[in-house]
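Notes to accompany the following structure.
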Amino acid sequence: MSSCSRVALVTGANKGIGFAITRDLCRKFSGDVVLTARDEARGRAAVKQLQAEGLSPRFHQLDIDNPQSIRALRDFLRKEYGGLNVLVNNAGIAFRMDDPTPFDVQAEVTLKTNFFATRNVCTELLPIMKPHGRVVNVSSLQGLKALENCSEDLQERFRCDTLTEGDLVDLMKKFVEDTKNEVHEREGWPDSAYGVSKLGVTVLTRILARQLDEKRKADRILLNACCPGWVKTDMARDQGSRTVEEGAETPVYLALLPPDATEPHGQLVRDKVVQTW
């Protein structure tokens, strides 16, 4: 395959919003679309389902919790396409409200995937993003709610325009540590591991966009976070008010921003509208 070929990639794409995003990109993106999933059998079944609809996604295994798996994907993209045009970081987890798992365990597991693993994907794949590339981190307004429920000191730190990636990583580690020591409330944290993980993703988005401006401004890569809304998925126990197709609209809009677009960039977007942070 020619390294001139354009390619879009979606993580956690075998079901739910990720599957709907992949389907829409197959219809609208001019180039190959790679559907990734942790479970190979489920991923290939999802590809077959889209093929039955007349679409032609490719499959590549990806477990975002496994750095080796991320690097294997990076090497595949480099070899097959010479890089990446569109990255949609959709893979993520959430514990159900009534899950009996201790809160500190929920915090560690949720942040491991939703924040740290998503950051690892960005660390490996952002350097191979091609000029005019588009990066979309699927976040949530739960992150904004978590921010509002943080202490004033934490809110100030998360909103600070000079917060570094290292600072953010330290804050996310501190949350996990504080839950283990049962002092997270005293330390100013909210009671939602999912919310804190998505707060981390949104702030990471702001930081990475700033880094792109500093290092690769001429490449005009746009990187944003989005909230798909409360969608009927396994994660929401099918109780959401939106269909997966509706949930995919804003991520796909951000993934397909035209080449001459200069914004949004480093923003949290819902229903195609930038949210106040």
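Placed from the backbone N, Cα and C atoms, the Cβ positions cover glycine too.
Going by Swiss-Prot, these are the annotated features:
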- Ser2: N-acetylserine (MOD_RES)
- 10-34, 38-42, 63-64, Asn90, 194-198: NADP(+) binding site (BINDING)
- Ser30: phosphoserine (MOD_RES)
- Ser140: substrate binding site (BINDING)
- Tyr194: active site, proton acceptor (ACT_SITE)
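Here the binding-site residues are Ser30, Ser140; the one with the fewest Cβ atoms within 10 Å of its Cβ is Ser30. When the neighbouring Cβ atoms lying within 10 Å are counted for each of the binding-site residues (Val10, Ala20, Leu25, Val196), the highest count belongs to Val10.
The two recorded residues, Ser140 (substrate binding site) and Ser30 (NADP(+) binding site), have Cα atoms 28 Å apart. Tyr194 (active site, proton acceptor) is surrounded by 22 other CB atoms, counting those within 10 A of its CB over all protein chains shown. Lys15 (NADP(+) binding site) is surrounded by 18 other CB atoms, counting those within 10 A of its CB over all protein chains shown.
Cβ contacts within 10 Å of Asp63 (NADP(+) binding site), excluding its own Cβ and spanning all protein chains shown: 20. Sequence-distant neighbours of Arg38 (NADP(+) binding site) (same chain, six or more apart, CB under 8 Å from its CB) are Gly12, Gln61, Leu62, Asp63, Ile64, Asp65, Ala91, listed in sequence order. According to DSSP, Val10 (NADP(+) binding site) sits within a strand segment.
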